[in-house]
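S.K.: Okay, here's the structure, questions in a sec.
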């Protein structure tokens, strides 16, 4: 009797398969923006994932299917919401503008003035009118994308004032706000301090601050922001278990980001040649951005400064929510409930393997350390370099792999994300288990103890496919232009993963068309493809019926 009952009890092995259940109809509607950890769209590393379709108007169709209307983004509402974020945009330009005034760098101050005055004026005008009522989630996504684009455009005059040609100035601006770090700048040590602060502060803001501040202010509390509230930096713990509202969670994440920045500055102050270089490098290390005042990146700094900088990068390559969990519930729970464990384990394993490969290739101890640090820079998507990238093919392959994977969801790092790699690996294991499991076995794909939803899995696959497709298309363009195959692949991956390491191909002499390709790659990588593509899609701005493929009863 006991054995028979036991035989009928299904085992949980891994995606839930419920037999004898009719399929549930799917609904189509809004594109839901999400933040780090949902596998969906993330602002702050800015990741775009699944198109979550819900909340639609359905009507009967004679064919037996169902027609639904997808909400369109209203340009007027997007414009008003964008205006309401004027103070967020202005905050990117106020520090370098004020420093330029203090240094009597009048040309640079004048070039940065529109970045301060125009957003502040727009923000004040928006305050008088009030925020647009009932902002749709697709409109929130559009505002996020436009925040990055607007900041990039407003920063161009500043780089022009520093002596850069127009296209190079746009390239530098996009590289800054996307926290990539690829650079076309020359003679940077001749720049005023305000020029260095412009680049470093843009990376600090673009790495995390703009997005989190925008989520809190655009979506705010309420049902419309519930999905985003539950997914800001989510590392397997729902928002309801941690923080009471979207704004509270955003504030907590910004506080963590600020405290990590202060700690980074204090760590680097005694290790850097000057206080201002310590501040500049700390800002770009915390944001895993990679800009440095010196043209050779970290190469001319001491080994202690190089190691400390990359330790800072590793600290922000994990979900920042993990620090909140650690403060409230202890580091052990933080390791279990966040992505810190997998991210750090993969980073350490990669460091050991890279060092071994460099040793096998005949590198001396200094070369082995340089190869390992360059790998750490690529894997955290920081983009600092301590030397020229190794010529050893195996070491280059390791750095490429590290750049593609990147850091964790909810961090400042780019790339495809370790979290997605873990889920993809579990799908392989689950497929193998299902082939051996009895027909009625219940198999569930889980992450951090929570079932992975189909929408999240679809979003992960979509991002991976778009990454691969964009990489292939850009690589073909570079090859058609006569560029070295490996060098082109390396720099395109660096742009798509918002890393900043270069094989030496990216520079002022690069053809204008190829610079434009890298600009597009940096934007797509930071916005994780889907966000930018959806906003650029004509269908986003005009309502149209959606034909459900399922047939009604």
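Yeah, the Cβs are placed from backbone N, Cα and C, and that goes for glycine too.
Note that TrEMBL annotation is computational and uncurated.
Predicted, not measured: the structure shown is a model, and the values here were computed from it.
What TrEMBL records for 1-27 is region 'Disordered'. For 138-162, 201-220, 254-276, 304-326, 338-359, 394-416, 457-479, 485-505, 517-536, the entry in TrEMBL reads transmembrane segment.
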S.K.: Counting a contact as 3 or more Cβ pairs under 8 Å, with residues at least 6 apart in sequence, do the transmembrane segment (394-416) and the transmembrane segment (138-162) touch?
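M.R.: Per Cβ check, the transmembrane segment (394-416) does not touch the transmembrane segment (138-162).
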S.K.: With pairs restricted to those 6 or more apart in sequence, evaluate whether the transmembrane segment (517-536) and the transmembrane segment (254-276) have 3+ C-beta pairs under 8 Å.
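M.R.: Per Cβ check, the transmembrane segment (517-536) does not touch the transmembrane segment (254-276).
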S.K.: With pairs 6 or more apart in sequence, are the transmembrane segment (304-326) and the transmembrane segment (254-276) linked by at least 3 Cβ pairs under 8 Å?
M.R.: yes
S.K.: I need to check the long-range neighbours of the transmembrane segment (485-505): which residues 6 or more away from its ends have a CB within less than 8 Å of a CB in the stretch?
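M.R.: Counting only partners 6 or more residues beyond its ends, the transmembrane segment (485-505) has Cβ contacts under 8 Å with 175, 178-183, 289-291, 374, 377-378, 381-385, 388-389, 396, 399-400, 403-404, 406, 414-416, 467, 470-471, 474-475, 478-479, 517-518, 521-522, 524-526.
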S.K.: Counting only residues 6+ away from its ends, which parts of the chain sit with a Cβ under 8 Å from the transmembrane segment (254-276)?
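M.R.: For the transmembrane segment (254-276), the nonlocal Cβ contacts are 193, 196, 204, 208-209, 212-213, 282-283, 285-286, 293, 301-302, 304-305, 308-309, 312, 315-316, 320, 323-324.
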